[in-house]
Each structure stands twice: as C-alpha cells, then as structure tokens.
C-alpha cells in the first residue's frame with residue numbers, strides 16, 4: 001500500500017486544522033487585548049495581497065462580530081440558568097412529569113404546552129375585544145347609511161370613468177381600458193348597449209366620439225338585501241376575489257360600432273370629455289396639453305385651450321353657465337369663461353403640489369379640486385388666492401364628484417377607499433369595503449345620481465366593475 005510523503009501529510013494536517021479552526025468559536029476569559037491579539041499576530045504574519053489598512057479594518061470588524069457572539073453566548077448561559085431554576089421550582093411543587101426531574105426535552109414540551117395555552121388565551125381575549133370594537137363600528141355612519149346596492153360587471157379591463165345620464169332614460173355609463181363603453185340599467189345591473197368604435201383604451205386613439213343609443217329599460221327587480229353584507233368584518237382582499245373576466249354580461253346586448261361624428265384635433269390621448277350647457281358644444285381634454293371646444297353638429301374645432309405646461313387629466317363644464325375647468329399634471333387647474341362670445345378669459349388656480357387629477361363645479365361659485373398630493377381643496381371663484389377649505393387624506397385622489405344638492409364630496413382613492421366629506425372639510429363616512437363588497441383595486445372615478453330613487457353614488461375602478469351605493473343622506477347629515 002502506498003504511503004503519503006511527509007510534505008503531503010503535513011499539508012493535509014494543516015488543511016484539517018484550518019477547517020477545524022474556521023468552524024469553531026474561541027471562548028476564553030482572557031482580556032480583550034489577549035483575545036484579539038493572537039489572530040491579529042497570526043494574520044499579520046501571513047502573506048496577503050490586501051493593503052494593511054484594509055486588513056486592519058477587517059480585523060476590527062471580526063473583533064466586533066466576536067464580541068456580539070460572546071454577548072449572545074452569555075445571554076444563553078443566563079437563560080439556561082433560569083430554565084434550570086424553573087425546573088427545580090416545578091419539581092419542588094410536584095409538577096414534574098411522572099414525579100421525575102424534568103429533562104430538557106420534557107421541559108421544552110411543557111413550556112410549549114404552557115405557551116400554547118397562553119397564546120390561545122391571548123387570541124381569545126384579543127378576538128373578544130376586537131369583536132366589541134367591530135360591533136361598535138357596525139352602527140357608525142359608514143355602516144348605517146352607506147350600503148352596496150348593485151354591482152355592474154361586464155368589462156374585461158379596468159374602468160376609467162363612470163357617469164349618469166342627465167336626461168331620460170337615466171342610465172349608467174362606463175368607459176373602460178378594454179376599448180369599449182357600456183350603458184347599464186341601474187336597477188337590474190344588466191348592460192343595455194355596448195360601444196366599440198374606439199381602437200384604443202377609452203379614447204386612447206386621440207379622438208372623441210359622439211354616438212346615439214336607443215335602449216329600453218327592463219322592469220325593475222327587488223333589490224337584494226345588502227344589510228347582511230354590511231355586517232361583515234372588513235378584511236383585505238386578494239385578486240382571486242375579482243369578477244370573473246369570462247363572465248361577459250355585455251355579450252347579449254346591442255353593439256354600436258360606428259359614431260355619428262368623430263372629433264379629431266388632438267395629438268394625444270383624449271382623457272376626458274363633457275357637454276357644454278345647451279348640448280351643442282363639447283369640450284375635450286388631452287395628453288397633448290390642450291383642451292378643445294367643438295361644435296358637435298359640424299365636428300369643427302371652435303377653440304383650442306392652450307396654456308397648461310403638462311398633460312391634462314380632466315375637464316368639467318358648469319351645469320348652467322358656459323364655464324369650463326381643466327386640470328393638469330402641472331399642479332394647476334384653469335377656469336375658462338365662454339359666457340361673453342367676444343372675451344374668452346382664463347384664470348389659473350395654484351395650490352396643489354402634485355398632479356391635479358380632477359376639478360369640478362359645485363353650487364354657486366365654488367370649485368372642488370383633488371390631487372395626487374393627497375389633498376382636496378374647495379375654492380371660491382371670486383377669490384383664487386387660497387382655498388376656503390382643505391381636506392387632507394392618506395392616499396392619492398382620483399376623479400371626484402360632488403352631490404350638488406346636498407354639498408357632499410365623494411373621494412375615490414388609490415388605496416381602494418371611497419370617502420365622503422362635506423364642503424367645509426368634515427368627514428361624513430367611508431364606504432364599506434370587505435371580502436364581500438367594495439372595490440378590490442384602485443377606485444378611479446365616481447358619479448352622483450341625486451334624483452334616482454335606488455342608487456345615489458356610483459364608483460368604478462381597476463377591478464373591472466362599477467358599483468352602485470345607496471347613501472342615506474338624512475342619516476348621514478344627522479350624524480354629522
């Protein structure tokens with residue numbers, strides 16, 4: 001049998017010695033100088049390509065690591081002594097298993113059992129206390145006066161905006177990233193008509209379309225009792241709770257494929273549109289930083305509203321006057337006045353620190369603006385220097401809507417919440433959101449239907465659905 005040479009044997013022993021040294025932690029009672037001096041001398045005596053300053057830093061770091069391990073080791077010894085003391089006390093009180101001294105394994109088992117009992121007791125106590133808290137919240141404003149009435153499911157992608165018809169028949173309209181717009185029966189939740197004329201997300205094809213619809217509303221059905229759903233504890237939701245994309249409720253409704261007229265002047269995505277009072281002109285807002293005013297009958301561009309420094313996010317018209325407000329990513333919104341045909345004045349409102357996502361008219365001379373800076377501001381058109389009220393929230397705000405008759409502001413948020421405030425900035429309610437109801441993703445828009453007997457507020461979001469909510473206005477204002 002061949003034997004190892006002296007040099008091979010020595011190298012092998014040295015390798016084993018280094019491996020054994022690397023897997024062990026030296027524990028001595030020597031002073032700090034003695035403990036760190038030996039490794040330092042050994043390392044300084046070895047050949048290394050590292051600069052001396054780098055090696056010195058490494059040695060100091062390793063020394064700190066060793067001291068940390070030593071502290072843990074000391075704590076471990078103290079814990080062991082405490083465990084032994086507890087073991088002796090249990091044995092003296094006759095609680096040892098089978099009358100014998102508790103071994104480490106038995107002590108661990110008994111400790112685990114005791115810990116389990118304590119954990120269960122804490123969970124029971126916590127559940128009971130939180131149940132009392134939840135029960136107290138069930139009778140608060142958001143539970144008592146805000147109830148989900150109907151879900152409108154049929155789009156195959158996120159819904160950008162929602163609106164309610166201002167004339168008869170009163171229907172719900174939604175614009176989606178799936179290139180379609182849908183009209184819905186408010187009472188039944190069934191789609192009445194589908195528009196497929198766009199070739200981009202909503203108006204991502206840089207055009208605004210005017211199309212005519214003729215629908216026959218189905219007979220109303222009894223609304224489902226949503227009080228049981230409102231009693232559910234609020235929990236976070238996952239994507240598996242989203243509406244089934246294959247359940248296309250719009251497949252059996254009439255489809256409109258071509259518009260009556262197409263408004264073409266923008267060089268970017270048309271992000272919003274609204275009718276000017278009278279119904280003969282429409283205004284559009286685009287990512288090309290302009291808003292356009294069109295004559296709908298002739299499709300001609302009447303005015304191009306320029307001045308914003310960045311993309312527009314929204315536009316809104318006054319319900320009774322020839323006024324238009326446009327919002328932009330440049331942190332401002334502008335008021336355009338078309339009441340005098342010879343003078344088209346513009347006023348700039350500055351007060352937000354981030355994108356103004358929407359600005360809408362209210363009663364009188366007020367405008368409400370929402371922003372990604374997590375604030376909502378109420379403005380007086382006669383005094384543009386500062387807002388008369390400011391609402392601060394915990395999430396970016398999307399397209400707001402105001403109940404003009406009751407002066408209630410609906411705030412849809414990026415964090416899936418929808419909150420209600422009054423014009424003075426007082427919080428009134430938060431719409432319920434649980435595993436059984438509410439939006440599962442960002443809420444993009446909202447729309448009030450003040451004269452409709454069933455649903456008062458509609459919301460839409462990236463979870464591909466719109467929701468109708470019944471808001472008990474008298475109770476809401478009473479609890480204010």
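Each position is counted from 1, following the chain as shown.
Glycine residues also receive a Cβ, built from the backbone N, Cα and C atoms like all the rest.
Where the annotation comes from TrEMBL, it is an automatic prediction and has not been curated.
Within the listed segments 166-194, 195-223, 224-252, 253-281, TrEMBL records region 'Disordered' for the stretch 224-252.
For the repeat 'WD' (305-346), same-chain residues at least 6 beyond its ends with a Cβ under 8 Å from one of its own Cβ atoms are 268, 271-277, 283-293, 352-361, 367, 369, 371, 373, 381, 399, 404. Away from its own ends, the repeat 'WD' (263-304) comes close to residues 161, 200-204, 206-210, 310-322, 324, 326-328, 336, 338, 344 of its chain (Cβ-Cβ under 8 Å, at least six residues beyond either end). A Cβ distance under 8 Å defines the sequence-distant neighbours of the repeat 'WD' (349-389), meaning residues of its chain 6+ beyond its ends; these are 313-314, 316-319, 323, 325-329, 331-335, 395-402, 404, 407, 409, 411, 421, 423-425. Applying DSSP to the repeat 'WD' (152-194) sorts its residues as follows: 0 helix, 21 strand, 22 coil. Mean model confidence of the coiled coil (69-96) amounts to 79 (pLDDT, 0 to 100 scale).
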